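The following block contains the structure, expressed as structure tokens.
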Amino acid sequence: MMRWGLSGAAFALACGAQLWVAADPVIHMLVQIPLLAICGWLLPLARWELPKETVGAVLILALVVGAIWMLPRSLDAALITWQGHIAKFATIPLLFGLPLALVWRHLGPILKGFLKCQSVSMLLFLGFLYTHAPVRLCNSYLVDDQVRLGHGFALAALALVILWLIPVFASPSHRETKGKFHEFSHIRH
């Protein structure tokens, strides 16, 4: 019941952000879309156990949908057409957030680390692209807004790096653990 409430709250916040989406790409890309993904991640359906043979396909589905919503053309479609708008509110939670939550517990630490590094590198690439493109990438936003979005992508990448490094340095596994397995590498000390 709690997960339904949290998921619904994330969806309601994403709907509330819609008021500012048309005027600000930062709200669109760095607030609304992550809220929709969190909505899908928090759905109680994310507790379902996937058959191991479907994990790869579900991960690919999530990554492809996530990549599609990074394209400026997709953002324009979500702002201009009602079909794009509905597609955004349906596909990001149900075909990106939920599938990612379903497969995350099945992934090993190396693949999780790879996906985290890939996310950061993609945010940095998008930040560079949006700040250095000589033309508008999104027809719905001005070039100055595009530059602000690029800076926002870079700040989001930095925030994710900090967020993901906190457990590494704050983990009790760095203390002496005689006879126990190290939490990350599974190497006996």
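Each residue, glycine too, has its Cβ placed from N, Cα and C.
I grabbed these lines from TrEMBL:
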{"type": "TRANSMEM", "residues": "26-43", "note": "transmembrane segment"}
{"type": "TRANSMEM", "residues": "55-72", "note": "transmembrane segment"}
{"type": "TRANSMEM", "residues": "84-104", "note": "transmembrane segment"}
{"type": "TRANSMEM", "residues": "113-133", "note": "transmembrane segment"}
{"type": "TRANSMEM", "residues": "153-170", "note": "transmembrane segment"}
Assess whether the transmembrane segment (26-43) lies in contact with the transmembrane segment (113-133), where contact requires at least three Cβ pairs under 8 Å among residues 6 or more apart in sequence.
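Between the transmembrane segment (26-43) and the transmembrane segment (113-133), contact is absent.
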Out of 55-72, 84-104, 113-133, which stretch touches the transmembrane segment (153-170) the most, going by CB pairs under 8 Å?
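Checked against 55-72, 84-104, 113-133; highest Cβ contact count belongs to 113-133.
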Six or more residues out from either end of the transmembrane segment (55-72), which same-chain residues have a Cβ under 8 Å from its Cβ atoms?
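Distal contacts: 33, 37, 88, 91-92, 95-96, 99-100, 102-103, 106-107, 122, 126, 137-138.
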By a Cβ-Cβ criterion of under 8 Å, what residues six or more beyond either terminus of the transmembrane segment (113-133) are in contact with it?
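Distant Cβ neighbours of the transmembrane segment (113-133) are 70, 107, 146-147, 149-154, 156-157, 160-161, 164.
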